[in-house]
Ligand SMILES: O=C[C@H](O)[C@H](O)[C@H](O)COP(=O)(O)O
């Protein structure tokens, strides 16, 4: 089974958690897109949900496929968010933001009663951090913000390149109009301490560590089918 098929399988099982009348946070990325495609078929068959998208990209796909949308202004409390992830640890801590949507994704997940992650098994790790941590920053004061990030990381024994994410030769700009710094710290033993320290830097808008937000992960693995993973205490 190829990577795309695994994403479809995880999305298919996650869809079983969607009930009629739900207010649904809809994630971003290639796995979330497979979920949107399956959701659209159900909607066409009569499933009644209202979706809040986590990016302009997801909003466009939902609109194209006829998935009804709302905003967090109109629908500020959600029942369930279904989203992908770049890494998942045994406590269901996540790294997200590979697609640059981490800020809206975190706001939507935090507004949801439950968050379900969909992924293939390659996203499971013992310790977060092999995937560079996306940090969304304000363009103003970028140099000072980079220095501050490097300092708080060093205090936690972390170091590594801090690279401004580029696309087509220009800095990548998020839906919120910010930049992304991809921080290659390697494994992050104390994710909570790093999260708190990054939040204390004024130029940091948000970061891609999602801690205590996911309730379960639906994980598809070649040869092993799909399993639902819950946090290890
Ligand atoms: O900003 C993007 C999101 O956090 C995605 O959910 C994450 O990057 C996973 O994407 P994919 O399903 O394409 O691996």
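Here the Cβ of each residue, glycine as well, is placed from N, Cα and C on the backbone.
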Substrate binding, same site as 28, 29, 30, 31, 83, 84, 85, 86, 96, 97, 98, 99 - TrEMBL member from 123, 130, 146: 123
Residue 98 (substrate binding site) to residue 105 (active site, proton acceptor) - Cα separation in whole Å: 12
Those binding-site residues in 30, 98, 123 whose CB falls under 6 A of ligand 1, listed in sequence order: 30, 98
Length of the line joining the Cα atoms of residue 123 (substrate binding site) and residue 105 (active site, proton acceptor), in Å: 18
For residue 85 (substrate binding site), the number of other Cβ atoms found within 10 Å of its own Cβ: 29
